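Enquirer: Here it is: the structure, laid out below.
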Amino acid sequence: MSWGTELWDQFDNLEKHTQWGIDVLEKYIKFVKERTEIELSYAKQLRNLSKKYQPKKNSKEEEEYRYTSTKAFLATLNEMNDYAGQHEVISENMTSLITGELTRYVQELKQERKSHFHDGRKAQQHIETCWKQLEASKRRFERDCKEADRAQQYFEKMDADINVTKADVEKARQQAQLRHQMAEDSKAEYCSTLQKFNSEQHDHYYTHIPNIFQKIQEMEERRIVRIGESMKTFADVDRQVIPIIGKCLDEITKAAESIDHKNDSQMVIEAFKSGFEPPGDVDFEDFTQPMKRTVSESSLSNSRGDGKSEPKFGGKSKGKLWPFIKKNKGAGPEDFSNLPPEQRRKKLQQKVDELNKDIQKEMDQRDALTKMKDVYIKNPQMGDPASVDHRLAELGQNIEKLRLEVQKFEGWLAEVEGRLPMRTEQARRQSGLYEAQNTSAVNSCAQDRESPDGSYTEEQSQETEMKVPATDFDDEFDDEEPLPTIGTCKALYTFEGQNEGTISVAEGEMLYVIEEDKGDGWTRIRRNEDEEGYVPTSYVEVYLDKNAKDVYKSLQKISE
C-alpha cells in the first residue's frame, strides 16, 4: 500500500489532505491550550473559594472552629486548596508536554511538506516541458512531410509538362529532394524526442513521483502517530494527578468521619453551662377583692377583641395587559404581506426609498460616464469613446430593472394605503371601549392583536396600550364646529375611498386641506361642507396656507 503507486495521479488531493492534517493538528493544539486555560481558571476559583471561607485570625470566628464539624470543614478547605494545586499541575504539564512540543512539530511539518510538494511540482513541470518538446517535434515532422509531398507533386507536374524548360524541371527536382531530406531529418528528430519523452515519463511515474509521494506518506503517518501520542499524553497527565486528588478526597472523607456529634454537644454544654439551679414554683397571689369589672364584661371585651379581624390585603394582582411580543423570525414574503398594514406600509415605503436611492446612484454613474464619453469624443487622445458604451448600456438596463421594481413596490404601497384604517377617527370612536372590556376580553387581547401569520407585532401592542378610559370629555366634541381649512391640495392619482373615514378623489381634482399628515400617512381633506375624509398623503400634492396653518396649530395647542 503505497501512495506513489496507488495515488500517482492525485497530486492536488494529496496536497489538500496533508494541509487538512496540519489544520487538524493545529485545532488539537488550540483545544489543549483552551483546556489548560480552563484548568488554571478552575484552580484560581478553587483557591479563592477556599480563602474566602477560611476563618479570620484573632476573631470570634476562629474560636468557633474548635468543634469537630467546623474542624472538618476547615480540613475540607485546606484539601480543596491542594486540590486546586493539582489542576495547576495539569495545566503546566499539558502546556509543556503537548502544546509546546506540538507547536514546534507543526512548524517542522509545514517546512517538510512545503519541500516535498515543491519537488513534486518541479517534477511535473519537467514532464510537461518534455511533452511540449515532443508535440513541437511532432508538428514539425508533420509539416515537413506535407511540404515534401507538395514539392514531389510539383516536380511530377513540371516533369510532365512539355512546355517547361529542363532548368525549371531540374530546379523542381532539387527542391523535392531537399524537402524529402528535411522530412527525413524531422522524422529522426521526432523519433529521438519520442524515445526521450517515454523514458522521462517512465522515470516520472515509476521513480520520481513514487519517491516523493512515499516521503509525503511517511510524513503524514508520522503526524498521525504524533497526534495519537499527544492524546495519550493528554490522558496520562490527568491520570498522574489522580492519586494525589484521591488522597485529597480521602482526607476530606476522613475529616467528615471524624465529626462527633456527642462531643460537639458536650462542648456546647461546657461552653455555655451557667451552673445555677432552675427556679422553683411561683406562689399564688389572690387579686379577687380589688377587681371592679365583671366576668361578663371581661368576656365581652375579650370577645370583641378576639373578633377583630385584620384587613386582608393582597389578592390576585392584576396581570399585565401587555402580552409577550413575538418577533417575526425568518425572511418574509417580498411584499411583506405577513406584516400588519401599518408595518407593511412602512416596510414598503422603506423599500421604495432604497430603490430610488439605487436608481439615483446608477443615474449618477451614467451621467459621469456620459460626460467622460463627451470628453473622449472631443479629445480622442484621452481615450476611446466606444469603451464606455458597454457600461452605459449596462447602467441603462440596471436603471430600467430598478424602475420596474419601484413600480411593483409602489403598487403594493398604494394597495396597502388604500386599505389602511383611519387611526385618528378610530381612536375617537373606540375611546370608550377600553374600560368596558371584561376580564375575558382582556385575556383574549393577544388574539385580537394577532397578525394573519399568527405573530404579535410591537406597533399593534403599543396602539392597544395607548387606549384610555372613556370620559365625558369625548362627548364634548360630538357637536364640534367644522375644522377650518389650512390649505389646498391637488389629487395626483385617483383614489377609491372604500373604508370608513376615507373619501374618494379623482386625478387632478382640487380640494381643501383641513388636517395635516400626523405621521400615519393620511391627510384629511374636504370637498364641500358635507363631504370630508382621509386620503393617502402620497396621492395628493398639498399647498398649505402659512397663516391658516399657524392658526390651526394655535387651536391645537389650546385644545391640548
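Using the three backbone atoms N, Cα and C, a Cβ is placed for every residue, glycine included.
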Enquirer: Looking at 155-186, 219-250, which one does TrEMBL call coiled coil?
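Expert: It is 155-186 that TrEMBL describes as coiled coil.
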Enquirer: Looking only at residues six or more beyond either end of the coiled coil (345-372), which have a C-beta under 8 A from one in the stretch?
Expert: 335-336, 339, 383, 388, 391-392, 395-396, 398-399, 402-403, 405-406, 409-410, 412-413, 416-417, 420, 521
Enquirer: Checking distant contacts: for the coiled coil (155-186), what same-chain residues at least six beyond its ends satisfy Cβ-Cβ under 8 A?
Expert: 137, 140-141, 143-145, 147-148
Enquirer: Looking only at the domain 'SH3' (484-545), how are its residues distributed among DSSP helix, strand and coil?
Expert: 3 helix, 29 strand, 30 coil
Enquirer: What does DSSP give as the helix, strand and coil breakdown of the domain 'REM-1' (338-415)?
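Expert: Going through the domain 'REM-1' (338-415) residue by residue, I get 72 helix, 0 strand, 6 coil.
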